[in-house]
Amino acid sequence: MTVRLASVSISNFRSCKSTSAILRPFTALVGYNNAGKSNIILAIKWLLDGSLISESDVYDPTHPVSVEGVIQGITDDTLSLLTEENQQKIAPFIIDGTLTFARRQEFNKETGKAKKSLDVYDGTTWKKNPGGIDGAISNIFPEPIHIPAMSDAVEDSTKCKNTTTIGKILSAIVSEIKQEHEEKFSKNISEIGKYLSHNGENRLESLNKIDSGVNKKVNQFFPDVSVKLHFPTPTLDEIFKSGTLKVFESREDEPVMRDISRFGHGTQRSIQMALIQYLAEIKKENSESKKSNTLIFIDEPELYLHPSAINSVRESLVTLSESGYQVIISTHSASMLSAKHAANAIQVCKDSNGTIARKTISEKIEELYKSSSPQLHSAFTLSNSSYLLFSEEVLLVEGKTETNVLYALYKKINGHELNPSKICIVAVDGKGSLFKMSQIINAIGIKTRILADCDFLSNILLTEHKDLLSTECDNLLTALIESINSGELSLNTKVTTFESFKSISSKDFIKICNHEKTQKHIHEIHQKLKDNGIYIWKSGDIEAVYGFGKKQTEWDSLLDCLCDESKDVRAVIKKYDEMEDFIKWI
């Protein structure tokens, strides 16, 4: 396993009064504006670099700031990055390949001066400021690459320092070239040194002439002192670290170099993302090359990008996360999350207690349904779960039939589109996972409702809803048994108790929904469930409401009606009142 930062706990940093998060090789922070996503990223950066923070970076200046981190995957290879002295200093604190440490800073109330410390956990107690640990962490994790939301793009792209974002990316890109040509480059650089250094074999005669002239003046004051001009040649590292970008625009005659500030933010952002994509490409092609431990932070990678480019950037970031880089992004775009990674995305929100990083879908699956976690992970992966994280409420529906037309029906009946930031419709493959997925989504702080066929009642009666519906279900069971015994209703399953509902087929449930003596009780159950966030079709299933089944011509007729403002949907949907009631319930 590649060494990585596995988790952080943040206290009193900016908007983060107290929150924690589990980090993965690819971690996405999602949430509305000003929720504190960028503050979590900055807290992680501060944990690693230990720069001095000001009082404006503190939630409550009367209390210390603390960010605790856990590094996992430390091996002998990792320790080889350290000096022997630092290896000895850090070794007592590494437990099963894990290092737990915390960076703290507090302000003296009287003087206002800041006091910093780096504490390390030895398995039983915290040790304050043990020597060598800060340097060891810096060697394990090179300085992170941070691409903010375009605030310093122009200045950053024109600087000639490896401390800039582009400088760091360029350094990572050319590292393979540097290793490949190091001997050749170093030889050529040393040749230049022979002409310019104070003791060069082929020192320029003009430099000797200057030395002679200057020494005549110096010797007038100090006869035993002499000087020689010396121009140090840059090392190969220094040359590559000074790399920058020149931007050219095509013209009829020849390309013209222009300052990057003359280009729009879209072009600037595209250049940054292009470098990230190319870095991912070469790392994927050179799978045998040494993996990096560098962290990459990007605020809103989707910013200024064309929708078709967002998916490409996402895949590049995932590739980097599989090549040793640890990638942490903040995003407002569901396109930045594949279904595979949505379950591990961290929803960030803010309330009166500051910024909170909620537990992920994966964490809640393990917490609530550990025994069936593989099936639930699959269920979330197969649904469009990346979109639900950006909504205030989720409507879970059974199967994709409903989602195919519900958005269009909503617009047709209500006269306006369903706002995806308010409500997201998520299709679930079969009714068996509806309750479990609902509980998990509710557990991560998103309100959830359910739409299902009437046969979902067999699942409902196995939950706490059974007590809620006890009177209505007793009445239904009594009416059902009477109708069966009298021969008025014929079912394929013998019904004597609530438990026997589990064996009733969907076709038989439709019969029950439309039978004169049981219909009233189905409507009572429907209303009570509706008031509690579950909508079951009173007619049995959605096909019964539409009035048709699977024929493509019938669906085409409905879709044609939904797309044509002049056509009345009442003429197409058999039980329009029931459909309208559901749409208004949304």
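The chain as shown is numbered from 1 upward.
For all residues, glycine too, the Cβ spot is worked out from N, Cα and C.
If you look up Swiss-Prot, you'll see 1-163 marked as region 'ATPase domain N-terminus'. Residues annotated as ATP binding site in Swiss-Prot: ASN34, ALA35, GLY36, LYS37, SER38. Per Swiss-Prot, region 'ATPase domain C-terminus' is recorded for 271-390, and the stated evidence type is similarity to another entry. Under the heading region 'Toprim domain', Swiss-Prot lists 393-586, citing an author's statement as support. As annotated by Swiss-Prot, divalent metal cation 2 binding site applies to GLU402, ASP541, GLU543, with the evidence given as a curator's inference. What Swiss-Prot lists as active site, stabilizes transition state or protonates leaving group is ARG570.
Looking only at the recorded positions ASN34, GLY36, ARG570, the one with its C-alpha closest to GLU543 (divalent metal cation 2 binding site) is ARG570. Comparing the binding-site residues ASN34, SER38 on other C-beta atoms within 10 angstroms of each C-beta gives the minimum for ASN34. With the fewest other Cβ atoms inside 10 Å of its Cβ, the least crowded of the binding-site residues ASP541, GLU543 in this structure is GLU543. Each of the recorded positions LYS37, ARG570 was scored by the number of other CB atoms within 10 A of its CB, and the lowest score belongs to ARG570. Excluding ASN34, ALA35, GLY36, LYS37, SER38, which define the ATP site, the same chain contributes SER15, LEU29, GLY31, TYR32, ASN33, ASN39, ILE40, SER330, VAL348, LYS350, THR355 within 8 Å (Cβ to the Cβ centroid), listed in sequence order. Its Cβ taken as reference, ALA35 (ATP binding site) is surrounded by 21 other Cβ atoms within 10 Å in the chains shown. Cβ-based neighbour count (10 Å, all protein chains) for GLY36 (ATP binding site) stands at 26. Helix, strand and coil residue tallies for the region 'ATPase domain C-terminus' (271-390), in that order: 62 helix, 21 strand, 37 coil [DSSP]. On the backbone, the CA of GLY36 (ATP binding site) and the CA of ASP541 (divalent metal cation 2 binding site) stand 43 Å apart. Put simply, ASP541 (divalent metal cation 2 binding site) is 42 Å from LYS37 (ATP binding site) when counted between their Cα atoms. Reported as a whole number, the C-alpha separation between SER38 (ATP binding site) and ASP541 (divalent metal cation 2 binding site) equals 46 Å.
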